[in-house]
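Database features (TrEMBL):
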type	residues	note
DOMAIN	301-381	domain 'Disease resistance protein At4g27190-like leucine-rich repeats'
DOMAIN	437-575	domain 'Disease resistance protein At4g27190-like leucine-rich repeats'
COMPBIAS	674-685	compositional bias 'Basic and acidic residues'
REGION	674-729	region 'Disordered'
COMPBIAS	695-710	compositional bias 'Basic and acidic residues'
Amino acid sequence: MHDVVRDVAKAIASKDPHHRFVVKEDVRLQGWEKRDGELRNCTGISLKCTHVHELPEGLVCPKLGFFLLNGNDNFLKIPDTFFKEMKEVRVLSLFRIDLTQLPSSLHFLSNLRTLCLHRCRTLKDITILGELKKLQILSLVDCGILVFPKEMMQLTDLRMLNLVDSRILGPRNVISSLSRLEYLCMRIILWGSEGVDGGRRNACLSELKHLSCLRALQLQLPHSCLPSEDVSFENLTRYDISIGSRPGHYGEKKTSRRLKLYKIKGPDMVKCFSKLLKTTEVLALGRLRDTKHFVYELDCDGFPQLKYLYISRSDGMQYIMNTMEMEWVDPPHSAFPLLEGLKLRCLKQLEAVCHGPIPMGCFANLRDLIIEECNSLKYIIWLPTTQARESVLVFPQLGSLKLERLPNLINFYSTGTSGSQEPCSSFFNQNTFPNVEELKLGFKGPMEILLSQFSRESFGKLRVLEIKACHDVLVVIPSSKLQVLHNLKQLIVRNCSSVKEVIQVEGRVGETFPQLTIMYLENLPMLTHLSGFGPFLQNLHSLQVSKCGKLINLVSPSMAKTLVQLEELTVSYCDEVKEIVENEGGEATDDKIVFTKLKKLKLHFLPNLKSFCSARYTLIFPCLTEMQVKRCPEMEIFCKGDSITQRLEKVLMSDHRPCWENDLNTTIQKMFMETHPKEEDSKEEILDEENAEEWNSKEQHPKVEDSVEDTKEEDSERGESGSLEQRSS
């Protein structure tokens with residue numbers, strides 16, 4: 001809360017004769033005795049004691065109903081008698097307080113309804129809580145409690161218990177004795193396993209079934225807490241249960257019933273959670289063992305309430321739904337009637353999502369389908385020959401489809417019990433995806449044929465198209481599909497080694513992408529140009545091009561003039577780019593190019609970039625406010641013509657330093673000179689370096705002639721000394 005807002009709130013509250021509040025920041029508590037009269041009438045106190053390490057023996061606040069104390073650093077100590085004169089307190093919150101056990105004066109708070117102890121990490125003993133008979137809400141978050149005492153069984157009126165991030169080992173029957181409990185949250189809690197552990201009979205998950213009033217439950221428990229019998233929780237309206245590590249998050253914000261299981265065998269899951277499987281809205285499974293066919297092995301009713309299903313790293317999974325081996329009833333059991341999202345990842349043995357006849361109503365509500373890294377996947381739908389796929393609309397509501405890293409994917413559909421391979425020319429059949437708005441593809445195969453199958457009936461509503469790691473594509477969008485993709489808003493092409501054209505424009509004069517606003521191109525080593533499809537990008541807002549090794553320039557002057565809606569332009573890591581706007585040759589011209597709405601221009605790591613444009617155009621940027629030029633060592637000028645940037649005040653360099661010298665051309669020239677010293681200076685520096693090297697070499701490696709003369713002198717000296725010795729002898 002802002003200081004001004006807090007002061008105004010305090011001023012207003014202080015004028016209320018019936019409800020007096022005291023809010024103090026950075027309390028030092030000097031002179032509190034003098035304010036005894038003010039405290040006696042307070043109904044609420046909130047203190048943040050930043051520099052206080054010990055409170056007074058007590059505060060006389062007979063009308064106090066709400067007390068919040070923030071110790072801020074875990075060093076604040078509370079005297080044992082501190083709460084003695086606060087008997088009417090109904091809400092007490094202690095945050096970051098240095099406590100090993102709660103003050104004994106806490107038992108005077110006979111009217112206490114809510115107690116919050118958060119981040120009191122030295123706390124060990126909470127036995128005194130058993131005396132707070134009227135307590136209804138107890139929140140112990142991130143506290144260092146080791147044992148949940150038996151005295152807690154006396155809190156028979158407790159409605160809410162929050163034990164998030166508190167390490168607790170509780171004896172059996174304490175939790176089950178809280179008969180009026182409606183909300184229970186235990187996350188990252190060291191609860192006991194079933195049975196006896198070290199002579200102690202521990203609390204376990206199965207005793208929660210005795211809480212008949214329980215409506216909301218949040219649990220995150222280790223595998224040792226897996227119950228030995230089915231835990232029904234028949235009255236739960238909201239739950240979030242995780243056993244083992246959390247396997248992932250999928251659709252959690254939209255649901256109130258979630259079940260997440262990790263490293264659990266399929267039969268154990270059925271034994272322990274069969275009733276929850278029929279009511280859960282989110283089911284996330286990681287490393288599921290001993291399950292080959294998901295549906296009908298785990299729930300014969302086909303998960304009637306399930307909205308989001310996420311399965312990862314479950315190597316034994318062969319099919320999500322296999323109706324070929326099930327016993328048929330009339331009418332056949334449906335499956336996933338409410339399913340909105342299906343995400344399958346790293347299922348090594350998965351051969352198909354659906355194998356066999358599809359009962360009426362299956363996947364009727366599916367909106368999102370994501371399949372990644374399933375190396376054995378051959379088909380998404382494997383239908384028998386008796387169920388002609390032309391007459392089946394399997395995913396009528398599908399809005400988002402993502403297929404990535406599927407090396408053995410043959411076809412979306414297959415007919416025939418033997419799984420005979422059909423030509424990939426029929427991968428996307430007409431009328432199969434009438435509502436798909438987002439399509440992401442990234443797998444080996446004749447992707448160009450797949451893209452050519454788009455039709456108004458199947459992908460007429462497509463808004464986002466992402467092609468990733470498809471190495472057999474020459475043209476991303478064929479000219480024949482321009483009209484089909486009239487609703488396209490985002491086009492992303494990444495890591496495609498063979499792409500030469502992003503949009504094929506032959507013979508399509510006058511056609512545009514009226515909705516296309518974002519284009520992102522990355523790591524396309526065969527792409528040589530973007531010129532030619534400027535008219536298709538009149539509404540483009542963002543253009544980002546990166547790691548296109550053969551690209552020499554980005555756009556032609558005529559294309560640049562059509563980018564009237566462009567707001568952001570980024571070019572990076574394109575080693576051969578020499579200019580952004582192509583110089584088409586010819587004599588100097590006074591023609592203008594106006595980037596009407598361009599706000600951000602970023603040029604990063606372009607080793608051969610000489611200028612933005614080498615032709616004599618007048619470049620006008622009326623809205624440009626942010627420009628970055630980083631690691632472009634050969635950029636000497638911005639353009640040979642004039643550049644007009646009314647709102648630009650700086651250019652960020654490689655070291656994030658701002659630079660500005662009156663205009664853009666002068667600024668770029670200054671940046672170039674800073675990184676390239678003058679030729680004369682550089683020559684002098686080189687000569688100085690050479691002279692220094694020569695001098696050093698003379699000292700370290702003398703010439704041969706000098707060494708010979710030195711040797712002669714040494715020999716003559718030795719001869720003279722020798723003759724002297726002989727004479728002396």
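Including glycine, each Cβ sits where the backbone N, Cα and C put it.
A TrEMBL annotation is a machine prediction, not a hand-curated record.
Over the domain 'Disease resistance protein At4g27190-like leucine-rich repeats' (437-575) the predicted model carries a mean pLDDT of 86. For the domain 'Disease resistance protein At4g27190-like leucine-rich repeats' (301-381), residue counts in helix, strand and coil come to 0 helix, 26 strand, 55 coil, using DSSP. Per DSSP, the domain 'Disease resistance protein At4g27190-like leucine-rich repeats' (437-575) is made up of 22 helix, 39 strand, 78 coil.
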